[in-house]
Amino acid sequence: MASNSTPSPPHLSTQELKNAAAGVVSEQTSLPRPLRSSQSFRLDEGYSGEETPIVYDEASGQDLRAAREGVDFKIPPWMAGLNDALREEYAYKLIRTLPTSRIASLVDRLVPILYLDFVQMLPPELSLQILSYLPVRSLLNASLASRTWRRFALEPRLWKDLYEMQGWRSNDAEILRLESQLRDRQEDDMRQQMEAKRKAEDQKDEEKNLRDIARRNSERFRNSAERSGTSTSTEVDMNNITQSTEGLDMSFYSNANPELRPGQEIFLNFPGAHKPSIPQTTYQEPPLPVELGLTVPGYGSPRINWAFLFKYRKRLEDNWIHNRYSTFQIPHPDFPAEGHAECIYTIQYSPNYLVSGSRDRTVRIWDMKTRRLRGEPLKGHNGSVLCLQFDESPDEDILITGSSDDSVIIWRFSTGEIIRTIEKAHQESVLNLKFSKKWLVTCSKDKLIKVWTRQQLETTDQDYPWHSKLLFGNDPVTNSGFALRNPYASGGFVSTRAPPRGAVKTLPSYTPVQVLIGHAAAVNAIQLHGDQIASASGDRLIKLWNLKTGTCEKTYVGHTKGIACIQFDGHTIVSGSSDQTIRVFDSRTQAEIATLSGHRALVRTVQATENRIVSGSYDETVRIWRKDIDGQWTDSHILRQGGPETHHPRTTHHGMHPMMPGNLQQGAIPQAPIPQAAIQMHQVHTVGPALAGAVVAAQLLPNHHNYHHLHHQVQPPPPPPQAPAQQQQMPPVHPLPTTNGTHRVFKLQFDARWIICCSQDSKIIGWDYAADDQGIVEASRFFKGGN
């Protein structure tokens, strides 16, 4: 009966293998060899994992590794002449004749040719440079390849670049403070370890001295016993020694040194002597963490883990997109008596403190962690506190407030004491103020903007206001300083006239150096950026001023009614107006980039970053506007200032608000739904000075001198009627309760984590987009800005 088994492949002897390598083929090579004998049989265990598998001769059992490594095998010319496809097929069929262990050995030899691990082969700098081109998801996948790849893929430098590529900003001062604390802590630990090691070495030396004493005493007693020739004296001496050790801690006997001679260890138990535990100083590489932590081991000390910051900043941004937040209020609900007695006009907050100014004429400082009042309310103004700014840093420690009593007060932030009061800083209410390390800028209902120096200035100071018309008249080149030399002017100048009485030389701090005149109505808001001032007025104009020269450089036209608020970052101007719109301007070209419509009343406050705008209005709502990847602004979410909050479906944000629980007042008459928010993107165009003047002249109201202050109620016009086709496309909505005028938003501020605003209510409302995520809370102190 024929057998169906596959015949065994031919095997070559050592000599035949060498001949084949040399290109010599014998006649016997083509003849089939008999089956392997039981003596040469080896169990095929598959891949053994050995670096160099053993190759045996079937006849002699000789290891052929030496033959494989020492003989230069040559490919027959006829085989080398075949094309690639035939050589591949020939090699495949030849490999299939090998046992599994030989195939595994061949695979091991081919792997280094097919797969090159550049992370292990290249210098670390080059490996990191290659990995820096990977996107986030690919870098995370690479971290799963191996321990080495994970260590490189989680390198903080890579994730710092990815963090900054998202446009996110970090609080570098807080990061440096944390790394400095970690470095100091590690240095303290090292000092403690060195001290423990030194004490251990001292204890070791003391024990060595005790051993030497014990050895000498033992020899002395032995020699004494030998000289006496009897054992009695030795026993007596040993008894005396035993009696002399009574009362000592004998627990050391159990840990006697085995290298000592019998009887010697009894002398090692000297009072206070013990075996020290010497700390291990051998460096051990820390294990790779499964979960990302705030810090990672660094070069000498721990450093911030940017992968951790990236992870939770991304999670925080997702909360903004999906409107996930938790709400809070100030004062804490358990301590309502700490709150203001009347409405709050202005706020500013930092990660640690919030300061509020109210119609009750007080300023209050709140602890952001406990949301409790810090100290007593600050009293000094005789009118409503309309504006403020503070800097809690130790080198500044200052709070400046402006009031409807026309005054400005400078407070020491840490103690609340009044440093200086500027009476009659303006002729009417001080509506807004901003300060830097050098300057204080105020604006007022009297249509003026004033610049004050914050530090005493000498004529040798580079910031000395040589071009101030307020100090030196209309011809500063001739009259500057009255015979004072300007060291920073080209060639300088020296007046030949004698200085008149009262000539200005040294300028004390908080001296007015510029008065900016140009607006035709109350200047409601200002922004200070470097040496530029952006101002917004009830005359519907935005102006950009040069702080040092006091000249108006540009005028921006677009709003159809008075402007209440402004934001300026050096490149973009964002403004809100009583025409119920928010407009975005390019500060360099004066082009109006976009118009954001959606509020139903005066847009009283606005704050903007590169990709997000948050606005508050007298319609008692806060709107979040977001720039998409195409650069278009979208109306993202709507928040209500009064009453409990609910999360709104995204589809309703572009229409109107759903009815809010707790906001519907008894007897309230429902109104028509809020029209869909409209965002108009404009083509870039420039407005020249002549055209700007003509447009302004056409837009100014005849009775602009009777312009009502923006703190008063503004009646919004009825919503524009919609076409029937548009009405059919609108989704079904719920009516909005009538605004009762008790939650008009006056001021808001936001950053990467919070939106906080104040209103006609005596409470301050906040939305926390960390949403009680402890990872975000831990990482948020290192975030800066609101993206």
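The backbone N, Cα and C atoms fix where each Cβ goes, glycine too.
Because TrEMBL annotations are produced automatically, they should be read as predictions rather than curated entries.
On a predicted model such as this, the values are computed, not experimentally measured, just so you know.
Per TrEMBL, compositional bias 'Polar residues' is recorded for 1-17 (among others).
Under the heading compositional bias 'Polar residues', TrEMBL lists 26-41 (among others).
Positions annotated as domain 'F-box' by TrEMBL: 116-162.
Annotation comment: TrEMBL describes 184-225 as compositional bias 'Basic and acidic residues'.
Taken from TrEMBL, the feature repeat 'WD' covers 337-376 (among others). Outside the repeat 'WD' (337-376) by six or more residues, the chain places 328-331, 382-390, 392, 399, 401, 403, 411, 413, 416, 711, 746-749, 754, 756-764, 781 with a CB less than 8 A from a CB of the stretch.
Annotation comment: TrEMBL describes 378-421 (among others) as repeat 'WD'. Residues of the same chain lying 6 or more positions beyond the ends of the repeat 'WD' (378-421) and with a Cβ under 8 Å from any Cβ of it are 345-346, 348, 350, 352-353, 355, 357-359, 361-365, 427-435, 437, 440, 442, 444, 510.
Per TrEMBL, repeat 'WD' is recorded for 423-462 (among others). DSSP labels the residues of the repeat 'WD' (423-462) in these numbers: 0 helix, 19 strand, 21 coil.
Residues or ranges marked as repeat 'WD' in TrEMBL: 516-555 (among others). Across the repeat 'WD' (516-555), the prediction's mean pLDDT works out to 95.
In the repeat 'WD' (556-595), the DSSP tally of helix, strand and coil residues is 0 helix, 24 strand, 16 coil. Annotation comment: TrEMBL describes 556-595 (among others) as repeat 'WD'.
Annotation source TrEMBL lists repeat 'WD' at 596-625 (among others). Residue counts of the repeat 'WD' (596-625) by helix, strand and coil are 0 helix, 19 strand, 11 coil (DSSP-based).
According to DSSP, the compositional bias 'Basic and acidic residues' (184-225) comprises 42 helix, 0 strand, 0 coil.
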